[in-house]
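As given in TrEMBL:
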- B:21-43: transmembrane segment (TRANSMEM)
- B:49-70: transmembrane segment (TRANSMEM)
- B:77-95: transmembrane segment (TRANSMEM)
- B:101-120: transmembrane segment (TRANSMEM)
- B:132-151: transmembrane segment (TRANSMEM)
- B:171-193: transmembrane segment (TRANSMEM)
- B:224-244: transmembrane segment (TRANSMEM)
- B:256-273: transmembrane segment (TRANSMEM)
- B:280-300: transmembrane segment (TRANSMEM)
- B:306-323: transmembrane segment (TRANSMEM)
Amino acid sequence: MSKLELSGVSKTYGATVALRRGDLSVEAGEVHVLVGSNGSGKSTLCKIVAGSVKPDGGRVAIDGEPVAIGGPKASKAKGIGIFYQELSLAAHRTVEENICLADMPVTAGLFVDRKALSKRAEKYIALFETVSGDDFAAETVVGNLRADQRQLVEIMKTLATEAPILIFDEPTSALDRAQAERFFEILGDLKAEGRSIIFISHRMDEIFAVGDRVTVMRDGETVGTRILAETEPTAVIQLMVGSKDDLAEAAVNPPDAAERSGTPVLEVSGFSGPGFRDISFSVAAGEILGFGGLHGQGQSAVLRSLFGAEPYGGGRISLEGTPVHYSNPRDAILLGMAYVSGDRGRDGIVNGRPIFENVVPVHFLRNGLKIVQPKVLKKRVDPALDALRTKYASLWQAINSLSGGNQQKVVIARWLVDQPTVLLLDDPTKGVDLSAKSDLFALIRELAREGMGIVLYSSEDAELLNNADRILVFNQGRVTRELTGADRTRFNLYHAAYEAAS
Amino acid sequence: MSATETTPVKTSSVLAVLRQPLLIAIVLIGVLLAFGEALSPGFASGEQILRLLVVASLLGLVAAGQNLVILAGREGIDLSVGGIVSLSAIVAGNVMSGQDASIPLAILACVATGALFGFLNGVGVTVMRIPPLVMTLGMLGVLQGLLVVIRQGIPSGKAAPALADFVAKPFLFGLPGTIWLWVAVGLFMAFLLRRTVFGQRVYAIGSNEHAAFMAGVPVKRMRVAVFTFSGIFAAIAGLCLLGYSGSSFSNVGEQYMVPSIIAVVFGGTPLAGGKGGYTGTMAGAVLLTILQSILTTVNIDESGRQMIYGATLLVLMLFYGRGRRMRG
């Protein structure tokens, strides 16, 4: 009998199927690894176990007993402890307070029992004593800790639940090697105690070092479970990829490389900054260069720094063969750069203002305009919006009245009134409907044909494989692999993404 | 002028939303005038209304700068306007010393004073990252101290006869020069906000500063500029005030701080910025001036008026806060 068993669990949000059929069976005394690409449904599955998402169908059983997990409190009562990837610590509280936050020892039913609290926390702090650093103490305020130390506190907090079932969602992302190894030793001890551990990781070396079995998810379904000792990393990746290796027609036959000879429109070398190191690449006129890899491996950070929105530490940038220096988006725009963010609410739309005012700012800047002439500008704005097949009633309606996809089209149109030299796309289709996506990619290919250099980062692997002529795979802030021509397969992309960073 | 500072072309939906505050203000103006007339016959006579408009235009000038600062968002507010009005009135009064020939120089000195302190507010808010509320309140303290030092309690400075005539006597078509000046400022503001890149950038940084930054708007420069504008408008108001009262007396400008904010908010520009315009603010200024006049008629003293202003602002915030939630 399994400790935890999920069978045929599903969840849909409106028209989006987040989880089609999730099956998972975890034994007592086992480290069970859960893998799958972005959007494969593994985090939804974990949320169902944690009680923060209610499944639409399926069966969840603990110790063979069917259970309904009504909320985070209920899941705690059922003996489930979860490590949250998005840190859930109270920044102004001390390490020991955070460790015991979920279950504060109290005296007289009212007052926090400081002594009991310290004593309880002490045990978990001691576990990591050798690797937590000299400045780490029970009384340290969490906000003053380094990222890796905060992650250790999060782990301690999860351990402090003493739950028989523990879920760790990427617990080692900020840890150094010694810290991660200590954590794996502790996992081994927990296993020996008979606890069940669900472990989510994107590092093949980790997965094979600590896991007993692995369950692979793809497109919202559980596609298989393997015993790790009897399998190979490539076999796991093959399971994640499935049989389809989808290269669209355009991508199968990328424009002739000879057409793109000559000076690259964008050349970057030795580029370093917060979250990325020593990045070098060049983009030819007419080329769509893809940035791939797991989420948050430095792709966005590189693009933002390239646009001048974040400072960068070092490196050289050349535009059309000329070395350039700039430190803000304004100067980057004047040099012919354009940037479209996937986070349009923060970086893109000017809320509550008309569509017109959302399109024209870049045109004003690039042409040094001072006076607004709506009739003249309309002739420039309309074609830019039409190129993307934007649906709107009037240029003077507030941008908020449009759908997400059309809002993003308006933001993109901003860059098309005057054609830039380089277009940086930072996961531009996040939260955009399918038809808007296809309009967008058709336009991007068209822009490339006209000679623009395009850099595309997408968190959806299919988008990259279908649209990029060349893909740089990012892993922990570095480019670890370049995929060109027939090498641009889902398998190779995953393989490079899940490799241990060297 | 319509209430569509937001858009160069009118659309029914935008107009409907923005017309509301203006409509309310106009209706209230009528009601208050009728009420004043009932309290004291002659309150709403033509002559009296002209006098009210002159007073309102002084407030309106101050509110123009306040309006720009608030529109530009990020908790933009200028509490130092009163101090700038007082100081610039004194600077102008001392430079002209009752001589018509010195008027151009006085105007220059007065506007430069306002621009300087407005600029300093802007630098404090952007470069030193001091919240506008704190920065301009601190600046108000500095200005008040400066006034005491300069004046040493003795009234000084005298308006030139030509200035006094311009402000209060019929200037053109029977209307005093101040009213014409206000109309000109109204046209200027409408043009600035609707037809210039500067105006659109004010709205952009007031609505989503980060998106504006990512679209190449020079956010810091813009913020310094709106505070500088506020200083300049306050200085022009100070100049008119000098002409209106003949000489500059202590803290003449203080009465403008809260009313300038109320006029803006009442005119349909939320304190959060990003939308609204100056037309409504003008109506708000007229409304507040009539209210003030009624309060004087029924013998409510300055402290009582201050309390009523404060309460008005709170009620307005409540009203607009509710409105937004219902729309959302």
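Each position is counted from 1, following the chain as shown.
Keep in mind that glycine also has a Cβ here, set from the backbone N, Cα and C atoms.
Between the transmembrane segment (B:256-273) and the transmembrane segment (B:77-95) there are at least 3 Cβ pairs closer than 8 Å, counting only pairs 6 or more residues apart in sequence, which means the two stretches are in contact. The transmembrane segment (B:77-95) shares more Cβ pairs under 8 Å with B:132-151 than with any other stretch in the list B:49-70, B:132-151, B:171-193.
Note: the stretches the transmembrane segment (B:280-300) and the transmembrane segment (B:132-151) are not in contact (fewer than 3 CB pairs below 8 A, sequence gap of 6 or more).
Per-stretch counts of Cβ pairs under 8 Å to the transmembrane segment (B:101-120) identify B:224-244 as the leading one among B:21-43, B:132-151, B:171-193, B:224-244. Counting residues 6+ beyond its ends, the transmembrane segment (B:132-151) has Cβ neighbours under 8 Å at 69, 74-80, 82-84, 86-87, 90, 117, 120-121, 124-125, 250-251, 257 in the same chain.
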